[in-house]
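Feature list, courtesy of TrEMBL:
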TRANSMEM  97-117  transmembrane segment
TRANSMEM  123-143  transmembrane segment
TRANSMEM  176-198  transmembrane segment
TRANSMEM  218-236  transmembrane segment
TRANSMEM  248-266  transmembrane segment
TRANSMEM  286-308  transmembrane segment
TRANSMEM  328-351  transmembrane segment
TRANSMEM  371-398  transmembrane segment
TRANSMEM  410-427  transmembrane segment
TRANSMEM  433-458  transmembrane segment
TRANSMEM  478-500  transmembrane segment
TRANSMEM  520-539  transmembrane segment
Amino acid sequence: MLSKCLSLHLHPHHHRHALFFSDPKKPDSLFKNPLFPTKLTEKTPTSLQTQSNSAMVKRWSKPISQFDDFDPDPTLANDDLKPTTSAQRTFSGLEMASLWVGLVVGVPSYYLAGSLVDLGMAWWQGIAVVVAANLILLFPLILTGHPGTRFGISFPVLARSSFGIRGAHIPTLLRALVGCGWYGIESWIGGEAIFLLLPRIIEESTFAKPLSWLGTSPLEFACFITFWVAQLGIVWKGMDGIKELEKYSAPILILLTACLLIWSYIRAGGFSHMLSLSSRLSSSEFWALFFPSLTANISFWATVALNIPDFTRYAKTQRAQIMGQAGLPIFMGLFTFVGLAVTSSTKVIFGNVISSPIQLLGAIGGVWTKILAILGISLAVITTNIAANVVAPANALVNLSPSKITFQRGALITALLGIAFQPWRLLQSSESFVYTWLVGYSAIMGPIGGIILADYYLIQRADLSIKDLYTLSPTGAYYYFGGYNLAAIAALILGILPVIPGFLHKVGILGSVSDTFTVIYNNAWFFSFFSAGIIHWILRSLMSKRSNHQDTEPLLPDSTS
């Protein structure tokens, strides 16, 4: 089951202030954006007046690749937070796609469709839910990845534009917290793979017996720590090491996956058993299961959809990041098909269903099979874990104190917090993992994504001031109120609050809630994403109108004089 896995050239017109901080002496400056042309002032260059729409879009999407006159505040920048230079932007579309292959091919993805079939769906319905969820998620992935490629900025820096220079810590640390939990879960799965290689005499020793205070056995915990340490060697090389890992791991993972599929097809005599798996649900039961399952599958990659600028900032072009990410629904659909086909074939081969790929490879037996299994599963876990669950938390911690915390130190802190999550306890219950962990944290990831996209496209008009992203000056566009954008914080809270009753009911704190709160919780990502984004846009628009009214209102004579 899923539960067991589970220097930029800064042109003058790019100095764009946030909507609320437009210069009242130059009201038209707010709208001087090549993507959204309006009435032009006398100072507008003639070339801009006659620029065609296609040229404007091309210019808007072209990455800026060189810095002029850039002097960031040392408390807001270090080598890990500064925008990437043209020399650093080396990810091609193929390498972006390889990143997603490394992310997708793993134990958690293996269980996705199978878990839905276990709940009563037909095999094709389970795969369809997974593909549909990833098609939906593809839009926020590409949209959020755009500023990463255009300005070379990471997720924490992008968050400064919408939440404020200091307020950015709120969304980045929330994202980091979820990443730490996932890091622990994936590391535990890798530890299980190590446990698979141990001689039976060790597996049956007293060290393999669970301790109540620990929640697991000392032997399993030792395997977990061993795998935990092994990952740090790759992380210590930074993004270059991660890029090389994903690039060379992708073909190996595809080959190993194909071998497993071919083996199961031959041994089971085809996929007839899988194809015979029909739905056990009525129409009403299917739709009652469909929406929370869709939300859970979206939340599976909703974390990466937030911090995707951490990767797209290294992309050569917007085309590269878009084409690379477009493969996600395809990769997820194919790999969940493999997981479902292989799992269903175990019923014919072994007489019982083996849903865990780790247990399956152990059941196949043989020394070389076990060695291949440990290498394959370890590679799959590491490629997913490091890219999806280390980069974002590490960058968030770097953003807290750039002068003291490097990417490597942030990664180490992330790994330590992964242990503190005690993933062996989190994975004890299938329902709690899917409907509490996955759906629950989507209520936090959703509103953050909605606010950032609404701010970037509807308010900032996809045009940011790089200088203002790295300054603590009160006159900076993203300083807002003491460094915090109160509109974004309010929208975040209002986006999360309606989901809380359903969450408390799911974990057993509230005995019963109305059907409305149950529906909201089952669609937590959708509800929080759109509600928070719309609320943020409305609040910022109202604040802008109020500010403009106050700035243009004529002075009135003193009535008491």
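Quick reminder: no glycine exception, Cβ is built from N, Cα and C everywhere.
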Do the transmembrane segment (328-351) and the transmembrane segment (97-117) share at least 3 Cβ pairs closer than 8 Å, excluding pairs fewer than 6 residues apart in sequence?
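In this chain the transmembrane segment (328-351) contacts the transmembrane segment (97-117) - 3 or more Cβ pairs sit under 8 Å.
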Mind checking which residues reach the transmembrane segment (176-198)? Cβ under 8 Å, same chain, six or more beyond either end.
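Beyond its ends, the transmembrane segment (176-198) has Cβ neighbours at 4-6, 106-108, 219-221, 223-228, 230-231, 303, 358, 361-362, 370-371, 373-374, 377-378, 381-382, 384-385, 388-390, 392-393, 396-397, 414-415, 417-424, 426-427, 437, 441, 444-445.
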List, by number or range, the same-chain residues at least 6 past the transmembrane segment (478-500) whose CB is under 8 A from its CB atoms?
18, 20-21, 160-167, 170-171, 443-444, 446-448, 450-451, 455, 465, 468-469, 471-472, 517, 520-521, 524, 527-529, 531-533, 535-536, 539-540, 543
Which residues of the chain, 6 or more past the ends of the transmembrane segment (248-266), have a CB below 8 A from one of its CBs?
97-98, 101-102, 105, 335, 338, 341-342, 345-346, 349, 357, 364, 372, 376, 379-380, 383
Take the transmembrane segment (433-458) and find every residue of the same chain, 6 or more past its ends, with a Cβ under 8 Å from one of its Cβ atoms.
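Sequence-distant neighbours of the transmembrane segment (433-458): 2-3, 6, 115, 140, 143-144, 146-147, 158-159, 161-163, 171, 174-175, 178, 181, 292, 295-296, 298-300, 302-303, 305-306, 426-427, 464, 488, 491-492, 495-496, 499-500, 503, 506-507, 521-522, 524-534, 536-537, 540.
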Please indicate, using numbers and ranges, the residues of the same chain that are 6 or more beyond the transmembrane segment (520-539) and have a C-beta under 8 Å from a C-beta there.
140, 162, 291-292, 295, 298-299, 302, 439-440, 442-451, 453-455, 458-459, 487-488, 490-492, 494-496, 498-499, 501-503, 505-506
Taking residues 6+ outside the transmembrane segment (371-398), which of them lie with a CB under 8 Å of any CB in it?
78, 80-81, 99, 102-108, 154-156, 169, 172-173, 175-177, 179-180, 182-183, 186-187, 189-190, 193-194, 196-197, 227, 230-231, 234-235, 239, 242, 245-246, 249, 252-253, 256, 303-304, 306-307, 310-311, 357-358, 361-362, 364, 405-411, 413-415, 417-418
